[in-house]
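Below is one structure, written out as structure tokens; the observations come after it.
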Number of protein chains: 2
Amino acid sequence: MIKIFNTYSRSLEVFEPHLPGHVTMYVCGPTVYDVAHLGHARTYVAFDAVIRFLEFMGYRVKYARNVTDVGHLRETGEDRMIVGAERLRKHPMEVADKYMMEFFRDMDALGIRRPDIQPRASMHIPEIIEAVEKLVDKGYGYVIDGSVYFDISKFTDYGKLSNIKPEELLMHRIDPDPRKKNPADFALWKESPPSYPFSWKTPWGRGFPGWHIECSIMSMKYLGEQIDIHGGGQELIFPHHENEIAQSEALTGKKPFVKYWMHTGELTVGGRGMHKSYGNFITIQDALKTYPSDVLRLFILSAHYRTPLDYSEKAMEQAAENFEKLINFFENLSLIAEEGRPKPRDPSLDELSNVFKQSFVEAMSEDFNTPNALATVYDFIKKVNTRLDVIGHEQATHLRQLFLETCRALGLLQKIERRSSAAEVMEFVKMLVEVRRELRKRGMYDLADRIRSMLAERGIMLEDTKEGERIRIVR
Amino acid sequence: MIKIFNTYSRSLEVFEPHLPGHVTMYVCGPTVYDVAHLGHARTYVAFDAVIRFLEFMGYRVKYARNVTDVGHLRETGEDRMIVGAERLRKHPMEVADKYMMEFFRDMDALGIRRPDIQPRASMHIPEIIEAVEKLVDKGYGYVIDGSVYFDISKFTDYGKLSNIKPEELLMHRIDPDPRKKNPADFALWKESPPSYPFSWKTPWGRGFPGWHIECSIMSMKYLGEQIDIHGGGQELIFPHHENEIAQSEALTGKKPFVKYWMHTGELTVGGRGMHKSYGNFITIQDALKTYPSDVLRLFILSAHYRTPLDYSEKAMEQAAENFEKLINFFENLSLIAEEGRPKPRDPSLDELSNVFKQSFVEAMSEDFNTPNALATVYDFIKKVNTRLDVIGHEQATHLRQLFLETCRALGLLQKIERRSSAAEVMEFVKMLVEVRRELRKRGMYDLADRIRSMLAERGIMLEDTKEGERIRIVR
């Protein structure tokens, strides 16, 4: 039984998707006018863990994450894509392509499962125009010159997601057109100035779509009128998601648009929100130059997705240390597994494995509590580590398998098989071990010890046992 | 002075782009309804070498390659995307996303420079509809029910690219609608059946765009009405590129659409065209499981882009051998460069470098003759190899730099710095060398020789010189 904290009800609810065993999920994607930063990493890694855990539990997840390449305005009213285009002196769609490709690469580099569909806003202009026409026909939309606004007073539940009160709404209005019926009415469609690079023909003249209607149309086109999970950063609750609900439910005749709303907490750097002017703006690419993606992921999952998360060197060092714990555990189990060391099965380890798996699932089932889930992993490692000497190769293989499957339900250690260097290096390590053995036979202990300490300097420990040398990696 | 074989004139022409120093280039991209195969690899690697060489020569290249996600019909009249959707039981846009992402990954894996812009056909539906309306207004297009056809008899130069004669045209007509004015008239827009997944509203009813008009609109939108280079596989000469010319020039009032048309030759496997039913259909992903991307690239560039190219195990072995030649050369120069071996500069090697660079540029300037260009590389390696013993570390650094730059003008050895395993392995090799030195000092030649032969088995040769051991890699 999985429970999800639903922003809509502000409470934990038992997860029951519309179609048993199947999950439809939409997460608002980036506006591709600049490189993706740690805030994006946090949101998409957090939802990646959600998806992977659902799949681990046997659900089939249909996941859509859009790419916004038009219509997402700044509070000052400029289209972000055009801001990017002016900065790079390129066509806005060239800017979109550049950052979309970099975003895809960043997501791949972070090991994030690819969405089943990644709709681009500009692919849906005709559908959006049709939807705006329909909203006007139904009386929810009204035209002022070439722009179309959504009349929030017509949608009685307006504000039900964010719980924002009418007087607060005034503080949030982006578009100060005094002719609007209600100050907080938002744009479905905007008239464009002449020779504007984004401009499509409509019954109201030439213009471009509003950001909110894009997500309503794209999510419903690919996932249906009623979606199981819709997510994003918490800053999207209002106005973006509030407006999505209003538009979508106005279009479908008040069918509940989304069953579970999920929102990720803020990522801060050095205690404050990331901002270029604060000098604490960190891109995913930069972070990945310093840390392997698993370290970044461990850092992100070390906090529950709804809580704030602060990026600091100290926090990253902690994550790097935890990563070493995982890797060493994996490598040491691999060494035993490959060594061919027959030992009787230790039933207490089977028991330990069962307890581990169960407590991991319990932690994740409680609103995807990744810090608790990771704690069960570390505990498992600690307990198995005390028994590495008594484990035979068969049981080591099983433990490694369980460990990997569990890590991968969090998206960790996906690429470990590709650490081919380790295997290649190990060949040469084994040569050194062989030479050392021969040296010891011949009584040349000084040179044998030198080999041992050269290896130790590189984190490769040799222990002489009755059964021969045991190699253990402590890097 | 670069010469290009222009399909349009069927002759070599001196390359003079519209704007000196700048090149606009459009290559027709894939229809993303299935995985990309070796034919795609051939075309896009060949054009990648063209672009890289132009950039090597100082040109700024603006490169667009589209993604077709709607409207590309089979000869039997079905939309390829819908064929893919039925196969996978998914929404056609989900299919498009899946294969688009795989295509992007394949292109990255092949080390192909990313296009500056990758327009998707579905992003341009409103522009396409406007263009079709304009063609109808100008008398080039006519409507039959909900479809719009291009009247080839109105475009007097029709056939000028492919040199296909009117009587041959009949053999190529895809759409047998008997109401067409000329049998070879092609569709600008097609009416769609009810509940068709691709369907947009137009003045003629609901439908979807023709494949040819998509490329006309996308190329002109991002590169302007007159493009320097337009390329694709030779199978696109007719009807695709012929129709693009007719549409584009009809729209712009007969401004010459493209200055240089370039077409790649066929890729065959085992002597015949790839086809799933022949069992010789090889995807890029499969090929990359067997061969590193540099090997695949060397194979592709071993033939001139216009000639047919046959994929066979023997040809790939030859390419793999050549790749080893490049890698060993690079690694041996690196060993000398890092060794700190001071030697007087050998002026004959400077001379050799100059001759190499010049002959490489000459080969590539003659219609991008990659086999000749590669021959100059192999020749350079051969000549430098005979002098490895006399090269000091400074000259080795220079030679390595020149070698890398040249290889990279062909897109080769892009990722060589990432062969971190080599560096890591080398640490342990050096430990073994150190132990061996000590063993020789102590007169234990048998064990010293064993180390030497263990290393030799792995392609690492030790040579004892007055200046110490010299390591050479012959893998």
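Backbone N, Cα and C define each Cβ position, glycine as well.
Sequence annotations record features per position, and here TrEMBL assigns Zn(2+) binding site to A:C28, A:C215, A:H240, A:E244. In three-state terms derived from DSSP, A:C215 (Zn(2+) binding site) belongs to a helical segment.
Counting only same-chain residues 6+ beyond the ends of the motif ''HIGH' region' (A:30-40), those with a CB under 8 A from a CB of the stretch are 67-69, 72, 80-81, 83-85, 95-96, 98-100, 102-103, 106, 211, 233, 266-267, 269, 274, 281-285, 287, 311. For A:30-40, the entry in TrEMBL reads motif ''HIGH' region'.
In the shown protein chains, 9 other C-beta atoms lie within 10 A of the C-beta of A:K276 (ATP binding site). According to DSSP, A:K276 (ATP binding site) is assigned to a helical segment. Positions annotated as ATP binding site by TrEMBL: A:K276.
The domain 'Cysteinyl-tRNA synthetase class Ia DALR' feature in TrEMBL is assigned to A:359-421. Across the range of the domain 'Cysteinyl-tRNA synthetase class Ia DALR' (A:359-421), the DSSP-based residue counts are 48 helix, 1 strand, 14 coil.
For A:K276 (ATP binding site) paired with A:C215 (Zn(2+) binding site), the C-alpha to C-alpha distance reads 27 Å.
Secondary structure by DSSP for the motif ''HIGH' region' (A:30-40): 3 helix, 2 strand, 6 coil. Ranking the binding-site residues A:C28, A:C215 by the number of CB atoms within 10 A of their own CB puts A:C215 at the top. Same-chain neighbours of the Zn(2+) site beyond A:C28, A:C215, A:H240, A:E244, judged by a C-beta within 8 angstroms of the site's C-beta center, are, in sequence order, A:W211, A:H212, A:E214, A:S216, A:S219, A:H230, A:G232, A:L236, A:H241, A:N243.
Within 10 Å of the C-beta atom of A:H240 (Zn(2+) binding site) sit 18 other C-beta atoms, taking all shown protein chains into account. In the three-state DSSP scheme, A:C28 (Zn(2+) binding site) is classed as coil.
Across the residues of the motif ''HIGH' region' (A:30-40), the predicted structure has a mean pLDDT of 97. For A:E244 (Zn(2+) binding site), the same-chain residues 6+ apart in sequence whose C-beta sits under 8 angstroms from its C-beta are A:H212, A:C215, A:S216, A:S219, A:H230, A:F257.
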